[in-house]
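Here's the structure, in structure tokens; my notes come after.
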Amino acid sequence: MHTDTATCLKEFEDFLNSKQFEEGCYLIEEKKDELSGIDCPFDLPINDIQNLPSSHYDKMPAEERDLSWGVFERELLHPMNACDRTPCMHNNLVFSCCSTPILPLCPQAISPPVPPNIFAREPTLPDFWVTGHSPTSFNTCWTPPISPFSAESVTLDKGLDSFLANDNRQDLGLEKIFTLKNDAAQSPTKQECHFAVGGQKLSKQKSAKLLERCRNGKLEGLDLDNIKDNIFTFATDQFGSRYIQQMYDSASKEKKASAFTCLLPHIFTLSCDPFGNYIVQKLFASGDELQRSQMLEVLHGQILELSLDAYGCRVMQKALETGDSEEASYIANEIKDDIVRCMMDQHGNHVIQRIIVRISFNDYETILERIEKNKNGLSYVDLSLHQYACRVIQSIVKIMPSYLRPAMTEELYNHIDCLISHEYGNYVAQKMFVHGNFVERRKILKCFRNNLLFYSCNKYASNVIEFCLKNGTESERKVLIDTILNESTEKGLRLMIADQFGNYVIQQMISSSCGKLRSRLISTVMSLQNQLGNQSYYKNVYNKCTASRK
């Protein structure tokens, strides 16, 4: 036994002094240099070489040695996936020879694990919606492995360069990267799959949660600064809109300015919102000249759309109501080519009325010219009979002098009989009477006097007659009362008293007349008691006469 040991030691000493051992060591050093050239993160765990008989190496075929080295090189350059590799550990297997390292049965055991997927090329992710900055766009991606460089997760959009640029990488070394657990490199489960939602959508969800907590009374003492990043979500909510309005009234000038800056990009969207429009109205009402001009600049090119919107028209009215003539001219210039369209719109007509009220005297002719140019074959009578345009015509008649609108004035008075008996035109006729000059008022009275019975029994014309009696002069009232008290029209008086509309005209005559004219009218009505005593409408007229005698 001792002889064999001594023999082995003698053979091993001879081997160490041989040229074959020196060549094997040189080959090992070359392999180490190759490993350092590919940035191997740590020294390979090549085990201590045991003292084995050199005869085993001599008996090993050259093809087997070349094959072993080929497997060794492939594993170093193209390591297997970490999922298929056993944990890195010291190799307990022995080398068959000291001069040439023979790989173990599992060459992966001495190779480094695969780097995490963060070093792989970033995969092309499918888009469910249009990619870009849209708040509704999102991509699918797998949960990335945790970065060994920081406590934060590695995101796919940062890229490898920014990942490697981390300042902490110099302190940790690459060895820790490659010694991550194998499960970090495994395919993620379904629970790890998530949607990378756009930042705006995440912000909206956060704002909604904050609003809900505020609505439930869980947050107290908030001011405009606390919600300025979520102010759009608050402004488009019924509770949030009122909350902002209350805080805005008591906020400091600096906080108001900060909130205004956050709201300014959303002015148009808020103006069309059922709750947000109140915020914009508040900004127009309390903003300074610079802020108002900034808001109008943001709304440039969209004023027509707002004027035709159910909520946007309220914002435009508030802007006109609280602004000056220059701002009114700016708004009017935005819709100058669609002014008639706005006049005939359910919402736009209110904006045009405000414009007429706020513009300067020098702009009256410009407005009239625009209406004339964009009538598209319509007449002023047609506009006066329109459900919405008639309101604008009333504003023009009320505010603009008749000498500035001769064409309109002449056309309307020539068709006064059509206006006074129309559902909407009668309101234009009333404004024409109260705001017209002496000659124009006489034209309307003349029309009534020629056919007073007919107009008094008309639902709409009777309103105009009552209006003339109430707002006319004493001489103008006398013209109408004398017409009804004429002996030849006594029959007409009885018909008017018995009519559902005419009896109101008689009652207004009694209320608006005075002196001998009233006494004469009351006596005539009382004398008809025997003939009309059973008529329900006569009782109303009779009670009016009794009350006027006291």
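Using N, Cα and C of the backbone, Cβ positions are placed for all residues, glycine too.
What TrEMBL records for 205-549 is domain 'PUM-HD'.
Across the repeat 'Pumilio' (226-261), the prediction's mean pLDDT works out to 88. What TrEMBL lists as repeat 'Pumilio' is 226-261 (among others).
Note: the repeat 'Pumilio' (262-296) comprises 29 helix, 0 strand, 6 coil (DSSP; helix = H, G, I, strand = E, B). Residues or ranges marked as repeat 'Pumilio' in TrEMBL: 262-296 (among others).
Secondary structure of the repeat 'Pumilio' (297-333), assigned with DSSP and counted as helix (H, G, I), strand (E, B) and coil, comes to 27 helix, 0 strand, 10 coil. Sequence annotations record features per position, and here TrEMBL assigns repeat 'Pumilio' to 297-333 (among others).
Annotation source TrEMBL lists repeat 'Pumilio' at 334-369 (among others).
The repeat 'Pumilio' annotation in TrEMBL covers 411-446 (among others). Sequence-distant contacts of the repeat 'Pumilio' (411-446) (same chain, six or more residues past either end, CB-CB distance under 8 Å): 379-381, 384-387, 390-391, 393-394, 397-398, 402, 455, 458, 460-461, 463-464, 467-468, 471-472, 476, 479-480.
Same-chain residues lying 6 or more positions outside the repeat 'Pumilio' (447-482) and placing a CB less than 8 Å from one of its CB atoms are 416-417, 420-423, 425-426, 429-430, 433-434, 441, 489, 492, 495-496, 499, 501-502, 504-505, 508-509, 512-514, 517, 521. The repeat 'Pumilio' annotation in TrEMBL covers 447-482 (among others).
For 488-523 (among others), the entry in TrEMBL reads repeat 'Pumilio'. Through the fold, the repeat 'Pumilio' (488-523) approaches residues 452-453, 456-459, 462, 465-466, 469-470, 474, 477-478, 480-481, 531-532, 535, 537-538, 540-541, 544-545, 548-549 of its own chain, all at least 6 residues removed from its boundaries and within a Cβ separation under 8 Å.
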